[in-house]
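Q: The structure is given below, and queries will be raised subsequently.
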Amino acid sequence: MTYSTVSINTPPPYLTLACNEKLPTVLSIAGTDPSGGAGIEADVKTITAHRCYAMTCITALNAQTPVKVYSINNTPKEVVFQTLESNLKDMKCNVIKTGMLTAAAIEVLHEKLLQLGENRPKLVVDPVLVATSGSSLAGKDIVSLITEKVAPFADILTPNIPECYKLLGEERKVNGLQDIFQIAKDLAKITKCSNILVKGGHIPWNDEKEKYITDVLFLGAEQKFIIFKGNFVNTTHTHGTGCTLASAIASNLARGYSLPQSVYGGIEYVQNAVAIGCDVTKETVKDNGPINHVYAVEIPLEKMLSDECFTASDVIPKKPLKSAADKIPGGNFYEYLINHPKVKPHWDSYINHEFVKKVADGTLERKKFQFFIEQDYAYLVDYARVHCIAGSKAPCLEDMEKELVIVGGVRTEMGQHEKRLKEVFGVKDPDYFQKIKRGPALRAYSRYFNDVSRRGNWQELVASLTPCLMGYGEALTKMKGKVTAPEGSVYHEWCETYASSWYREAMDEGEKLLNHILETYPPEQLDTLVTIYAEVCELETNFWTAALEYE
């Protein structure tokens, strides 16, 4: 028998540049959730996702899933002692995070904190008293022990509303922020922990447009409240959010961030993990599914496979290429997108926007148009940056060159905005363009771009960039013959730009590019491109709406 030999270049050079990386360390003291969504398993995932080193001290072996807690089996006190003692003896520890605590674990931790004195690590206490599924995880004795023996050592306490009630020993009506402020102040007094984060996920609020949630951070030493307002995600899949948030805060503290920064970063991480979600439960589990802890984690093998220096193709052969274009009737992806049920409502509201009509007839207030030009100028900076990133991810030199040409065109468009602002609106300060303040609509758009840039591939970046190009042209094409703004006015000139023949040529190239990206995009993931296109059309609509509503 003849044997073949395959040589593989591993490890690649970029993995040998950082030797003995100094990772921040976080120790989680908590119970298990073998289904992986909460407890110590969620802690380890979260700590790792924040590029920190996770250590554990298991307080209870639980039989638990998102459905319910089936059983709780406490770890013997001597085992908890040995685990905590050995970890803190042999391992560095920047932050301790606690979750589900037993009476034995509290006694051991209390003694250790007293022993360490001023040398103890920072402490984040998530008073796990009630599971998201509604299961009680602690009796009155545990509540008292946490209050008396753990909370006074904590740098921050992170209860949700039901846990606040347990710690306070009473339920209260919560009708507004002042009620939450009072709860936080009372908790700080009872627990002797000066920093309290009251998590508001259990009580979404309503304003005129949408539901939202508020998390309130009380900084006792500064007598200050910081209110974090977040979008309410319409999902029941929130299993493990409390564990995850506390671990994210602990990880951020371990990385050297301040407490407010750490809380902000933790909240955003959890909101993203909830919004993105993950499909890991069986169909019988309708509620309280887990969140996506690893949404921002790279897959090492994918990074290796995309490396042109990778030589293990004999071991891992590339899959036969299937084209998503095969799923598009007529092969025109642009037409497919704008007529797709998920895209069409946002596309129609975008290209038929009242903003364009008011510019075309010259009735838009000057200050609103100036605001739009300023915001669009700042947007184009992001737009050019994403095209540069798209160029770096493009599969071939020709596609890279196209992205660079587009960036040059964007700079020309920015120059037109500079001219309008100087000649029409009297801008004279040379630093004016670097000082433009971004409005909420632009910030939302920019954050979306940042996310797609980090997580998306070349095709997904193209899908996110194309609605801007195509929508402006389509909107102004629909206004052909209807532009009544005086010739020579900034309004008329703006309309002429996007209705011009050269802009139509750019749109034709954009349409070709959309068809081109399908050639190498997996057909089973086509809905991802559809979703991106729909979401960006909605962002474009909101961008014009913001200009209309500017005061």
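Heads up, the Cβ atoms here are built off N, Cα and C, so glycines get one too.
Per Swiss-Prot, the features are:
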type	residues	note
BINDING	GLN64	4-amino-5-hydroxymethyl-2-methylpyrimidine binding site
SITE	TYR379	site 'Increases nucleophilicity of active site Cys'
ACT_SITE	CYS468	active site, nucleophile
ACT_SITE	GLU540	active site, proton donor
Q: Using Cβ-Cβ distances, find the residues under 8 Å from GLU540 (active site, proton donor) that belong to the same chain and are at least 6 apart in sequence, listing them in sequence order.
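A: Set apart from GLU540 (active site, proton donor) by at least 6 residues yet with Cβ under 8 Å, we have TYR350, TYR445, PRO467, CYS468, GLY471.
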Q: Roughly how many Å lie between the Cα atoms of TYR379 (site 'Increases nucleophilicity of active site Cys') and GLN64 (4-amino-5-hydroxymethyl-2-methylpyrimidine binding site), rounded to a whole value?
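A: That separation, Cα to Cα, works out to 47 Å.
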Q: Could you check the recorded positions GLN64, TYR379, CYS468 and say which one's CB has the most other CB atoms within 10 Å?
A: GLN64
